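Everything below concerns the one structure shown next.
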Amino acid sequence: MPELPEVETVRRGLQPFMEGATVVRVEQNRPDLRFAFPENFAERLSGRRIEALGRRAKYLTVHLDDGLSIISHLGMSGSFRIEAEDAQGLPGGFHHERSKNSLHDHVVFHLMRPDGASARIIYNDPRRFGFMLFAEKGALEEHPLLKDLGVEPTGNLLSGEVLAALFKGRRTPLKAALLDQRLIAGLGNIYVCEALWRPGLSPMRAAGSVAGEMDVMERLAGAIRSVIAQAIAAGGSSLKDYIQADGALGYFQHSFSVYGREGKPCRNPACGGTVERVVQSGRSTFFCASCQT
């Protein structure tokens with residue numbers, strides 16, 4: 001499933017083509033994805049101007065000139081394809097290959113850009129686990145999907161002090177705490193594994209056991225911020241590749257320290273250990289037992 005860096009890269013890739021554009025018409029090719037489309041979905045969007053594209057955690061938000069917002073999630077296999085005069089590609093690289101089969105094109109947004117050029121933004125989703133919902137004017141922040149989300153792991157909002165407060169008294173493993181969207185919004189399996197490796201923290205360690213160690217909390221917060229920032233930057237680089245060579249993967253998977261590297265040497269030069277894989281809450285966890293304690 002695409003995580004925060006991939007969703008942010010998708011947002012940045014779509015932004016030049018969607019912000020300021022007018023929705024000429026919408027082709028809706030089925031009544032539902034994971035959830036049913038909102039009533040009169042295509043009709044309510046036609047003629048509206050797109051004011052801004054945003055992101056909250058792993059959700060894309062599209063803000064229209066009448067105050068209506070679209071909340072979109074890519075699910076397991078969703079992607080947007082740009083077809084325009086000056087671009088053709090899949091914005092946002094992800095570790096797993098995505099479909100380009102037009103049979104799975106479920107929504108097509110026909111846009112007129114401010115410069116008079118036209119563009120089509122196509123949503124493709126073979127497994128149909130993504131969705132698009134409406135948030136009425138003034139109701140976005142209180143939408144059930146968004147209102148309980150935690151702090152964003154980007155910029156300086158996530159600090160050691162914030163992590164310490166979130167983890168205090170929690171017996172859940174560190175990995176589970178970091179994946180809890182009510183605490184930190186947008187982190188997923190890949191980047192949690194990578195972030196825990198950098199400061200040498202075991203994913204099985206109880207979150208509350210490190211809450212009082214401020215130096216550890218600062219290192220973990222810094223690792224989370226840097227992993228996310230580097231992954232976004234790598235996704236941005238892959239965006240250029242997608243325009244030139246459709247379907248190429250992003251770059252960050254070449255920098256994985258532990259994720260997907262079971263049985264391979266730890267990349268900590270002072271370690272000498274081997275990357276292991278265990279299952280936590282039904283998900284694969286990759287870590288080095290020698291240097292992550």
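Positions of Cβ are set from backbone N, Cα and C atoms, glycine also.
Among the candidates R113, R120, R127, the residue that Swiss-Prot names alongside H104, R170 for the DNA site is R127.
Mapped onto DSSP helix, strand and coil, the zinc finger (257-293) counts 0 helix, 14 strand, 23 coil. In sequence order, P2 are the recorded positions from P2, H104, R283 with a C-alpha within 10 Å of the C-alpha of K58 (active site, proton donor). R283 (active site, proton donor) and E3 (active site, proton donor) have their C-alpha atoms 15 Å apart, to the nearest angstrom. When Cβ atoms from all protein chains are considered, those within 10 Å of R127 (DNA binding site) total 13, not counting its own.
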